[in-house]
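Engineer: I'd like to ask you about the structure that follows.
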Amino acid sequence: MPELPEVEVTRQGIAPFLVEQTVVDLVIRNGSLRWPVPDIAKQIIGQVIRQVRRRAKYLLIDTDAGTSIVHLGMSGSLRILPHDTPVEKHDHIDLVLANGRILRFNDPRRFGAWLWCELPEEAHPLLAKLGPEPLTQAFNVAQLAAALAGKKKAIKLCLMDNHIVVGVGNIYANEALFAAGIHPEAEAGKIDIERLTVLVAEVKQILAHAIKQGGTTLKDFTNADGKPGYFAQKLHVYGRGGETCTSCGNLLSEIRLGQRTTVFCGICQTR
C-alpha cells in the first residue's frame with residue numbers, strides 16, 4: 001500500500017501539470033471503488049485547479065467549487081498522460097484538462113477512492129480526526145509523549161495509528177523502530193522521553209529520505225511518471241525476516257502484530 005512518501009511523491013509529480021489548469025471533463029469508467037465515485041461532472045467541469053495538497057495518505061485537488069479527495073488504496077496510481085493515450089485495464093477515472101492532458105487513475109484492486117467535498121476538508125469525516133503530519137513541527141516529542149501516556153498497546157501499533165500521527169504505515173514503522181532501537185512490541189506508555197525523542201527524529205528522517213528516493217516500490221507503486229521508487233534498496237528490516245541484521249549480524253525475527261508483518265532485530269531493538 002502506498003504510504004506517506006509514495007503519496008507525497010505522487011503529489012509532487014502531478015501538481016505542476018494540474019495547478020491553474022481548467023477541467024473540461026471527468027470520465028468515470030468504473031465507479032465501484034472502495035466507496036462509490038460520486039457523479040461530480042457538473043460541479044467540476046469548467047473549474048480551475050488551484051492547488052494539489054496532501055493530508056495523511058489523501059491527495060486533495062482543490063477548485064473554487066470544492067475538493068476532490070483521492071486515495072490510492074492498495075494498488076492505485078495517478079499519471080499525467082496525453083489525452084489520446086489508449087485506455088488500459090483498470091484505468092477507472094480520467095480528469096481531462098483543457099491543456100490536452102489527463103490525470104488518469106488506475107487501480108487494479110479497486111481499494112482506492114475518489115470523493116468530493118464542498119466543505120473545508122478538515123470537516124470531512126475521513127479527515128476530521130487525523131493526527132499531525134509527521135514532517136511538520138506539530139509532530140514532536142511532547143505531542144507523542146502525551147498521545148502515548150498510559151497506553152499499553154505495542155509502540156508499532158501506536159505509530160501506525162492515524163489519530164496519533166498520520167501516514168506512518170507498515171514499511172516506515174518497521175524502519176523507524178529499528179533505527180531508534182525500540183522493540184515493536186514495547187509498551188508505548190512506558191517508553192521514556194529520551195527514546196521517544198530519538199524515535200520522532202528517525203520517523204522524520206526516514207520519511208524525508210524516502211520522499212527524496214521517490215518512495216518505496218515493492219509491487220504496485222510507481223511514480224506519476226511511471227518510474228519506480230528506490231527506497232526499497234535502503235530497507236534494513238521490512239521484508240527481510242530471517243535475513244541478517246545490517247547492524248549486528250543477528251537473524252531478524254518476523255512476527256504478526258496487529259495483523260501486519262513485523263520484522264525486527266531482537267538484539268538491536270529492546271523493550
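From the backbone N, Cα and C atoms, a Cβ is placed for every residue, glycine too.
Sharing the feature lines straight out of Swiss-Prot:
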- PRO2: active site, schiff-base intermediate with DNA (ACT_SITE)
- GLU3: active site, proton donor (ACT_SITE)
- LYS57: active site, proton donor (ACT_SITE)
- ARG260: active site, proton donor (ACT_SITE)
- HIS90, ARG109, LYS151: DNA binding site (BINDING)
- 236-270: zinc finger (ZN_FING)
Engineer: For the binding-site residues ARG109, LYS151, work out the Cβ neighbour count at 10 Å and name the residue with the minimum.
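Structural biologist: Across ARG109, LYS151, these binding-site residues, the one with fewest Cβ atoms within 10 Å is ARG109.
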Engineer: If you count other C-beta atoms within 10 angstroms, which of the active-site residues PRO2, GLU3, ARG260 is the most crowded?
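Structural biologist: Compared across PRO2, GLU3, ARG260, the most Cβ atoms within 10 Å surround PRO2.
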Engineer: Given the DNA binding site residues HIS90, ARG109, LYS151 in the record, what is the largest Cα to Cα distance, rounded to whole Å?
Structural biologist: 42
Engineer: Please give me the recorded positions out of HIS90, ARG109, ARG260 that lie within 10 Å of LYS57 (active site, proton donor), comparing Cα atoms only.
Structural biologist: none
Engineer: Would you mind sorting out which of PRO2, GLU3, ARG260 (the active-site residues) have a C-alpha within 10 A of the one on HIS90 (DNA binding site)?
Structural biologist: none
Engineer: Quick check: of the recorded positions listed here (GLU3, ARG109, LYS151), which one has the Cα closest to that of ARG260 (active site, proton donor)?
Structural biologist: GLU3
Engineer: Suppose we draw a 10 Å sphere around the Cβ of HIS90 (DNA binding site). How many other Cβ atoms does it contain, all chains included?
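Structural biologist: For HIS90 (DNA binding site), the 10 Å Cβ neighbour count is 16.
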Engineer: Quick one: pull the CA-CA distance for ARG109 (DNA binding site) versus PRO2 (active site, schiff-base intermediate with DNA), whole Å only.
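Structural biologist: PRO2 (active site, schiff-base intermediate with DNA) has its Cα 13 Å from the Cα of ARG109 (DNA binding site).
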Engineer: Per DSSP, what is the residue tally for the zinc finger (236-270) in helix, strand and coil?
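Structural biologist: Across the zinc finger (236-270), the residues distribute as 0 helix, 13 strand, 22 coil.
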